[in-house]
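Below is one structure, written out as structure tokens; the observations come after it.
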Amino acid sequence: MNWSDFLSRRLAERRGTPLWRNRQAHQGADGRLLFTSNGQYLNFSSNDYLGLSRHPQIIAAWQRGADQYGVGSGSSGHVTGYTAAHHELEQQLAEWLGYSRALLFISGYAANQGVIAALMEKEDRIIADRLSHASLMEAAMHSSAQFRRFLHNDIDSLKQHLTKECVGKTLVVTEGIFSMDGDCAPLELLAQQTKSSNSWLMVDDAHGIGIHGEEGRGSCWEQNIKPEILIVTFGKAFGLSGAAVLCDGHTAEYMLQYARHLIYSTSMPPAQAVALSEAVRQIRAGEALRQSLQNNIHYFRHEAQHLPFSLMDSRTAIQPLVVGDNEHCIALSEQLRQKNLWVKGILPPTVPVGSARLRITLTASHTRQDIDALLEALHEPGY
Ligand SMILES: Cc1ncc(COP(=O)(O)O)c(C=O)c1O
């Protein structure tokens, strides 16, 4: 088969199905609004949970960083891409989150790939919650280690896997807050299991960091555990992008030697690190923003009880409404868009087959009136 036939065949398999993926270029967005050439929408699909993507002090910090360092880092951190700004941010993150070390990665995807690829060897095994993010699942699938999934948030299912013999090391993987369901992992119970089985726990807290726990320290802090590997990402509550791995000194030294995503990739721009340092300060002092978000979550859940959808068991900013059928989900998302409400439909394989959903995300920037507009549209007959 030639290349063109291959591409045509694979595209034909998808074209015209609800699984066809589209991107739409827009003219700007934040945690509340999204602007396109067709007008302004209320944005209920952003992960900018605290509205920090447009925070004036964070923007000013990025500009200061660009003035001092230029706009790019110039190389991998192992060559000349590691600046005082990166070093300071790593120290600040480690101190805030109670770890010896933090290592910066350019994205959460890269961090998850890099850590799992570096740590896991052939005789080892990875046991992951079956709803873990694609970046974790894919890293596990590509690893030479054995890969098993346990039932979502089900400790007995994890225990069953752990009782099986493994000659190598075991890494148990979960998200702190699940990105598509919005529910929280039972971290304390998971940590008990990993401790008693001499395994390690890796928690990806992309959706918990900045939001949960004292000073926004995240789901692990809130549930009073300290996993051996904590992943925090900066594309959500921080309003920027990038990620960090929190770990002990020994593990950090190992990563610096073996994590290929660190060694062979240009580090994040130093100006971004300066902006992220300011974002950490804003998050730590951001109790009022966290409170606004919590108020919006409570209000939405209270008022949404009478919607023709059942709410999921989520007390977080992610409030999905499961529609089930793919085409129906796409149609609902489109109907909401006609009313200037931006709510992305999420379809398999991102979520399990038969559970297509409107993934509503609430932020600190939404007003009561914004939420009322969404609820009113969702109440309309036909849904
Ligand atoms: C749980 C989780 N982990 C990792 C990622 C990837 O992070 P990044 O966007 O920084 O690559 C995401 C989403 O983007 C996520 O939801």
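In case you wondered, yes, glycine gets a Cβ from its N, Cα and C as well.
These numbers come from a predicted model, not from an experiment.
Listed features, source TrEMBL:
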BINDING   Arg21, His133, Thr350  substrate binding site
DOMAIN    41-378  domain 'Aminotransferase class I/classII large'
BINDING   Gly108, Tyr109, Ser179, His207, Thr233  pyridoxal 5'-phosphate binding site
MOD_RES   Lys236  N6-(pyridoxal phosphate)lysine
(message) Quick check: of the recorded positions listed here (Arg21, His133, Lys236, Thr350), which one has the Cα closest to that of Ser179 (pyridoxal 5'-phosphate binding site)?
(response) His133
(request) Go through Thr233, Thr350, our binding-site residues, and report the one whose Cβ sees the most other Cβ atoms within 10 Å. (result) Thr233
(request) Round to the nearest Å and give the CA-to-CA distance linking Thr350 (substrate binding site) with Gly108 (pyridoxal 5'-phosphate binding site). (result) 17
(request) Enumerate in sequence order the recorded positions Arg21, His133, Lys236, Thr350 whose Cβ-atom distance to ligand 1 is under 6 angstroms. (result) His133
(request) Write out the long-range same-chain contacts of Lys236 (N6-(pyridoxal phosphate)lysine), meaning residues 6 or more apart in sequence whose Cβ is under 8 Å from its Cβ. (result) Asn47, Asp48, Tyr49, Ala206, His207, Ile209, Gly210
(request) May I ask for the distance between Gly108 (pyridoxal 5'-phosphate binding site) and His133 (substrate binding site), taken between their Cα atoms and rounded to an integer number of Å? (result) 10
(request) Find, for the listed binding-site residues Gly108, Tyr109, the residue with the lowest Cβ contact count at a 10 Å cut-off, counting only other Cβ atoms. (result) Tyr109
(message) Can you tell me the CA-to-CA distance separating Tyr109 (pyridoxal 5'-phosphate binding site) and His133 (substrate binding site), as a whole number of Å?
(response) 9
(request) Report the residues of the chain - excluding Gly108, Tyr109, Ser179, His207, Thr233 - with C-beta within 8 Å of the mean position of the site's C-beta atoms, for the recorded pyridoxal 5'-phosphate site, in sequence order. (result) His133, Ser135, Asp204, Ala206, Ile231, Gly235, Lys236, Ala243
